[in-house]
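Structure first, then comments.
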Amino acid sequence: MSSYNWQRIDIRLIAVGASLLVSLISLFISNMPNDDAYAYIRTADIALNEGITAAIQHYAWVSYSLTIAAISLLGFDLFASAYLINSLFYALLVYSFLSIVRLIDSTALVSVLAAFCILLYPQLNEFRFDIIRDVGYWALCLFALWQFLLYYEQQRNRNLIAFGVGLLIATSFRPEAVVYLIVIPFALLFDKRHEISNTRRHFARAIGMSISILGFSFLVLALMGISFAGMLIDFLTVYEPFIETTLNPSEANNSAMSTAVFGEHASSYSGPYLNLFLITGILAILIAKLFSGIGGPFFWLLTYGAYKRFLDLERNLCVPIVFFLLANFFIVFIFILVTRYTSSRYAMLFCLLLALFVPIVLANIVKQFSQSSFKNIGMRILILFFGYCAFDSFISFGESKAFVYNSIDWINTESNSSNGLVTNNHTIAYYSGRVEDYDQVGRFLNETDITSARPGDLIVIEMHYEMTELVAREGVKDLLEFQTAFPSLDNRQLAVYKKIRP
């Protein structure tokens, strides 16, 4: 193939094809669904059998589940529908990522390296086999950023509309996307290429579009009999206990926390600094999560690139990206401040935005080696780097969970189907067919869960430390008759008991 023809190939389409292929292969790999999956699957099932209103009452932010339900009407089961949806969102994410990189640096080398970076990004691929709404949120936010960058450069209304629609759909997956819809247009005020009057006009057009799209969506929801405010309130009620504890902590809680943090003696003197300690601690956790999200290889490459000034990029293109980064950092910080915890997936959008610059750093490193006598060594290092990323992305050394399915087989063959089942494992609750609210299963059982079970019911417990303590507790152990354990009697990760009369 000639050099000319090779340059005409759109690497984005090849990368999208590779992403779809990986997602297709994942459908044939037996992976245990993540715990969050069951909430979306249950809501989709309710939507199919009881209607959208019932689904919204069950799970307020219902768009992802409704999409799963809609795809299942084509003949797929609910899990396959979810994997299909996520594979398409991964394809959109890859295409949008590469499109943004192309705007920053349009050279063929950077595009090829960007394709490898996004396809072999270990932290992103950790979620490829999960059923989560976040994938759609990430993909749509990156798509919206790409369109906003095009509008930032060319002031075309179609790009502005695509930006707004993309974030509106993203909001239907995660409500915090509305923050970007309102905040990002302010980046236009920092565009120094135009007169102030033109800059303000571009900003007014963008913020007006954002407000119009939000208003139109509220109107459509109202005509459908759906209250956006009600959905938002239902969503926030999940976090109400956290918000109440954060904004109005009781003296008893503050005292207990001060004692736990500083010790009984020092708490008398250091107690007033508890809030400062919490905020700095939360910032430390957030930074650790961001490091975990971007991953060691990407982080050190970016650090090296910043040190070598490989990231001296065009200011105008960087401003909207910086706005996205700051908005996401603020969202994640507020989340961790309120809830006291976070997952790396909440910081993934921030990490994806940082990852945009990794291929640029790699390209500069490749150019440095190509201009020296170490050209072959540079290529070997590049192969080693992407080989490590591929290995980390798709090879798992985690312990097999096949014993969970073995326990389900035992339950179905060795027990009476009329007996009830109490468990702290979502997969067992779902596949046993004996737990109606399988999505509501908690990680921990309590004494009431066991005492309220009927004699003959099975108690199937994933044996965390707290659960080991529970079954040994007075008032509980006399109610349980041990049946079997998985994967073996010597390795009781999952224990099966039968409720008996005391």
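Just so it is clear, glycine is given a Cβ too, placed from its N, Cα and C backbone atoms.
Taken from TrEMBL, the feature transmembrane segment covers 12-30 (among others).
Here TrEMBL flags 58-76 (among others) as transmembrane segment.
The annotation transmembrane segment is assigned in TrEMBL to 107-124 (among others).
Sequence-remote contacts of a segment are chain residues at least 6 beyond its ends whose Cβ falls under 8 Å from one of its Cβ atoms, and for the transmembrane segment (136-154) they are 64, 85-86, 89-90, 92-93, 96-97, 99-100, 103, 160, 162-164, 166-167, 169-170, 173-174, 177, 180, 184, 187-188, 191, 206, 316-317, 319-321, 324, 348-349, 352-353. Per TrEMBL, the feature transmembrane segment maps to 136-154 (among others).
Annotated transmembrane segment per TrEMBL: 160-190 (among others), in sequence order. Outside the transmembrane segment (160-190), and at least 6 residues removed from its termini, the chain residues within Cβ reach (under 8 Å) are 61, 63-64, 133-134, 136-137, 140-141, 143-145, 147-148, 151-152, 199-200, 202-203, 205-207, 209-210, 213-214, 217, 232, 235, 319-320, 322-324, 327, 330-331.
Sequence annotations record features per position, and here TrEMBL assigns transmembrane segment to 211-233 (among others).
Taken from TrEMBL, the feature transmembrane segment covers 276-305 (among others).
TrEMBL lists 317-338 (among others) with the feature transmembrane segment.
Residues or ranges marked as transmembrane segment by TrEMBL: 344-365 (among others).
Positions annotated as transmembrane segment by TrEMBL: 377-397 (among others). Residues 22, 116-117, 120-122, 125-126, 295, 297, 362, 365-366, 368-370 of the same chain lie 6+ residues outside the transmembrane segment (377-397) yet bring a C-beta within less than 8 angstroms of a C-beta in it.
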Selection from 58-76, 107-124, 276-305, 317-338, the stretch that has most Cβ pairs under 8 A to the transmembrane segment (344-365): 276-305
The transmembrane segment (107-124) in contact with the transmembrane segment (12-30), cutoff 8 A, at least 3 CB pairs, sep 6+: yes
Long-range Cβ neighbours of the transmembrane segment (317-338) (under 8 Å; 6 or more residues past either end): 100, 103-104, 141, 145, 148-149, 152-153, 176, 179-180, 183-184, 186-187, 190-191, 239, 242-243, 246, 279, 282-283, 285-286, 289, 346-347, 349-350, 353-354, 356
